[in-house]
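Colleague: Below are the features listed in Swiss-Prot for this protein:
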BINDING   19-26, 81-85, 136-139  GTP binding site
BINDING   26  Mg(2+) binding site
DOMAIN    10-206  domain 'tr-type G'
REGION    19-26  region 'G1'
REGION    60-64  region 'G2'
REGION    81-84  region 'G3'
REGION    136-139  region 'G4'
């Protein structure tokens, strides 16, 4: 059988497994790839391949993550699984694997545990929009009432963190049985049901080109006789020659017009998400624009300096700080293309933050940055990364 060409016709969705240690995340990931590859072609990854996940670096932090892919009738899925609990936290905070939805794996034998709770809270904080539940190890429970209790507990826990507990699909099965080829309800068919739940419950994400135009400014030049050119990689949306744009962040917001788009020394009518371009601006002086600002569709993004964040602080072994920090710690916050100094307020009852900890904090920047909930940043001291974070809520 010849290999099928990877088709771009199906919408692409990013998912991942989360949940307490030893509840079966990696076994489930292996089972999905096995059953979907048998049904639709694709590559089966066994448990060992996934568990020996390669280390990656994201914003200066080393994270072990396994990436697998599979297809359903309707979609192409990219799925991440992390071997260690710390890897999950780093992964979710750095956005190394941005998820359109998460599969939370909960052992029916234990019910929700400490890390289950922590992962649901983090999903909320970092903006994972949808959760589907796989209640695993069904072959080890024969008490129907116990299963109902666990299900109730899961729905209440989801409600507690503002996920719709009553509407969340909960699939009951055994990832191990499915992997072994068991044909019963809790075996292979539970995996088919799970993938169907992903197809129907997680909406197709908006493509980057459908979002409002946004380009972080990396560099500014002036070209005599033509005006000012700003360069950068377009993060979202499309810009057309003739568009009115805003320059947002650091200083007061200014309005300008795009009079040209250039890529690889060629003039274009437009630039879109993913392109590295130079944008020629009319009526904007070279000294009015700087790296760290963004070029955006008017009204689509505002500058802010106060926010609540979920942060991971690197351990000493990861090249982070060797000592804890205290309230009013003032590092640099690196947003998109630039560093801005900010002051940190720790939560009540938290005296200090140790290297290797994750913490929720309030931050006030010295100058405003174009920002919205979900924006990622690095925390740096003198150019060295000491932490990573995500804006969970803009507060000004």
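Cβ atoms are placed via backbone N, Cα and C, with glycine included.
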Colleague: Give me the long-range Cβ neighbours of residue 25 (GTP binding site): same chain, 6+ apart, Cβ under 8 Å, in sequence order.
Modeller: 17, 18, 19, 81, 105
Colleague: Any idea what the Cα distance is from residue 82 (GTP binding site) over to residue 26 (Mg(2+) binding site), rounded to a whole Å?
Modeller: 8
Colleague: Cβ under 8 Å to the region 'G1' (19-26), counting only same-chain residues 6 or more beyond its ends: which ones?
Modeller: 47, 50-51, 66, 81, 83, 85, 104-107, 110, 112-116, 119, 136-137, 175-176
Colleague: Within the region 'G1' (19-26), count helix residues (DSSP H, G, I), strand residues (E, B) and coil residues, in that order.
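Modeller: Result for the region 'G1' (19-26), in helix, strand, coil order: 2 helix, 1 strand, 5 coil.
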Colleague: By DSSP assignment, list the helix, strand and coil residue numbers for the region 'G2' (60-64), in that order.
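Modeller: Helix/strand/coil tally for the region 'G2' (60-64): 0 helix, 4 strand, 1 coil.
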Colleague: Between the Cα atoms of the residue listed as 'Mg(2+) binding site' and residue 85 (GTP binding site), find the distance and write it as a whole number of Å.
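Modeller: Taking the Cα atoms only, the residue listed as 'Mg(2+) binding site' lies 12 Å from residue 85 (GTP binding site).
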Colleague: In the region 'G4' (136-139), how many residues does DSSP call helix, how many strand, and how many coil?
Modeller: 2 helix, 1 strand, 1 coil
Colleague: Counting every protein chain present, what is the number of Cβ atoms, excluding its own, within 10 Å of the Cβ of residue 22 (GTP binding site)?
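Modeller: I count 13 other Cβ atoms within 10 Å of it.
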